[in-house]
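**Q** Have a look at this one.
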Amino acid sequence: MVTKFNYDDLLAHIGTFGTYQIRNFVLLCIPVILCAFHKLSSVFILGKMDHRCKLNENDMIFRLSNDSTVLNEILNASYPYDIKKGFSKCEYYTGNYYTSSNNFTAREIRKCSEYVWDYEKFQTSAVQTFQLTCDKDSFKAWSDSLFMIGVFLGSFAFGYLSDKFGRRKVFVLSLICQLIFGLLTALSTNFIMFTIFRMIVGATTSGVFLVAYCLSLEMVGKESRMIAGVVFMMFFSLGFMLMGVLAFFVTDWRFYQISLTIPGLIFLAYWWIIPESTRWLLANNRKYKAIKQIKKIALSNNVEVPKEMLDKLVENETDNTDPENKGKKATALDLFRQPHLRSKALLIFFNWFVVSGAYYGLSWSSGDLSGDPRWNHIMSGAVEIPGYIILILTLDRFGRKKVLACNLTFAGIMLMLSILVPSDINWLVNTLTMLGKMSITASYGTMYLFSVEQFPTVIRNVALGCCSMSARVGATISPFLIHLAQTWKPLPFLIFGIAAFCGGFFSMFLPETYKMDLPDSLADADKIGKSNNNDIKNGELKVLKGKDYIEDA
């Protein structure tokens, strides 16, 4: 079998993960911390604060919580009581009260016009500022959902732009927009402004995260893709935990939002630091810039690259489409033109939908757990690290498909088991939930790597954008699934668990991509999984290209 010389072959000569790649990889990972800040900020800036109707200017109801006798007397006299929901937080008694044998009657029940807030968990919150309670209680879920719609739209828009105009330009543009609208979110004077600006910030997180991820994996060789992808995701978990630490020092939600956004100023310097993707330059016939960059990589890695090797690379990489499609620009519709590629895409999109919905549902719920929400958030982020360690130990041993299927199945079982535990055994419920979160996180890391390896260079960012769009549908629905806990507390976990279990089952129908070259053209991507056993030699499956595929078949 004759195989073409491609960029992965060149990297084997100049360094698959040398000094040049390590330096730029670390620089690309750091902004991912900001993406975690903005995607999970609602845990603190929209933190739920307990409240009751304000009775008078000297209302001290929450300060009397240690005096149960006095507190119960005030509660009985002031608020309607429901045996399931307890004392009303949205209505109160008005008028004079008649007391007889500790019974209280009231002339009228009114809705709250003002509230008294409990500052035990949060000092301030946009929920308090914009009065998102009682009749507006669902507004928090809508805000989070619209944020994810922004992420959804940004996935497609920035994915398309980065494939058309280059990774670096779109990456820096996303950082600029994230900085501007992140600050405007903190300065919002009403809920509509707040939600619109957050929605735009959500769109920019797609531009930063997806483009940085694509740049990171396109610059390294196939032997290094797994460790690079997993370490990249760990920076998101680091940002997850840092948010909880920051919340100990910044308690005002507006200043907290500003603190999450301001570090973006530093990354504007990336315009002069981060190079364009060499793979993108080759795939888009920018051969002179690609050669110049390859020489720079070789110099930084202290190796020399023969001119014959460069000529051979340019000849092959700039001619990686079928003759009938030559000169045509690939679009998202090309993912669905060929049956094999279409079935893979649909299965991958479904798994993104499941994994993202469960991940954000479990992450956003951390602020609602008993105890200090800051420590809960830190622990919810910390539990992700073992999930990524599992990936490092297993992805190159068992392959992408088995690891993804096992993690999704395990997560589904843990979440479904949690609903069988009595509600008063909180530690066991939390343990099962965190085990589910750990496996969902491992699934998330696998999905990013698996998707990059399934889709070709000419459409990789558009395809990742479509994957992220599918994920955002799940994340958009997630806040409303969490809201179902008010009907039956375990219901969200049941839904997430069933979906994860189904995702694990369907993952077994995806082709393995372990040790394969990144596909460059649509034809290459469509052939993944079609090769027979004779194409597997020494444990390595190669993508067959053009004439080579026809001759070998």
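Positions of Cβ are set from backbone N, Cα and C atoms, glycine also.
Under the heading domain 'Major facilitator superfamily (MFS) profile', TrEMBL lists 88-515. Feature annotation from TrEMBL assigns transmembrane segment to 25-46, 145-163, 170-189, 195-215, 227-249, 255-274, 345-362, 374-395, 402-421, 491-510.
What's the neighbourhood like for each of these?
**A** Residues 17, 122, 125-127, 132, 140, 143-144, 147, 151, 175, 178, 182, 201-202, 204-205, 208-209, 212, 215-216, 219-220, 228, 231-232, 235-240, 242-243, 247, 253, 256-257, 260-261, 263-264, 267, 270, 273-274, 360, 363-364, 366-367, 373, 377 of the same chain lie 6 or more positions beyond the ends of the transmembrane segment (25-46) yet place their CB under 8 Å from a CB of it.
Sequence-distant contacts of the transmembrane segment (145-163) (same chain, at least 6 residues past either end, Cβ-Cβ under 8 Å): 39, 42, 169-171, 173-174, 195, 198-207, 210-211, 214, 280, 330, 332, 360, 458-469, 471-473, 475-480.
Non-local neighbours of the transmembrane segment (195-215) in the same chain are 24, 28-29, 31-32, 34-35, 38-39, 142-143, 146-151, 153-155, 157-159, 161-162, 167-168, 170-171, 173-175, 177-178, 181-182, 184-185, 188, 229, 232, 236, 274, 277, 448, 452, 460-461, 464-465, 468; each lies 6+ residues outside the stretch with a CB under 8 Å from one of its CB atoms.
Sequence-remote contacts of a segment are chain residues at least 6 beyond its ends whose Cβ falls under 8 Å from one of its Cβ atoms, and for the transmembrane segment (255-274) they are 24, 27-28, 30-31, 33-34, 37-38, 41, 44-45, 168, 171-172, 175-176, 178-179, 182-183, 185-186, 215, 243, 246-247.
Counting only same-chain residues 6+ beyond the ends of the transmembrane segment (345-362), those with a CB under 8 A from a CB of the stretch are 39, 148, 335-336, 380, 404, 408, 411, 415, 433, 436-437, 440-441, 443-444, 447, 450-451, 454, 463, 466-468, 470-475, 477-479, 481-482, 492, 496, 499-500, 502-503, 506-507, 509-510.
Within its own chain, the transmembrane segment (374-395) is flanked in space by residues 40, 43-44, 226-227, 230-231, 233-234, 237-238, 240-241, 243-245, 247-248, 362-363, 366-367, 403, 407, 434, 437-442, 445-446, 449, 514, which lie at least six positions past its ends and keep a Cβ under 8 Å from the stretch.
Listed by sequence, the residues of this chain that lie at least six past the ends of the transmembrane segment (491-510) yet keep a Cβ under 8 A from its Cβ atoms are 343-344, 347-348, 350-351, 354-355, 357-358, 361-362, 365, 401, 404-416, 418-419, 433, 436, 439-440, 443, 450, 454, 481-482, 484-485, 529.
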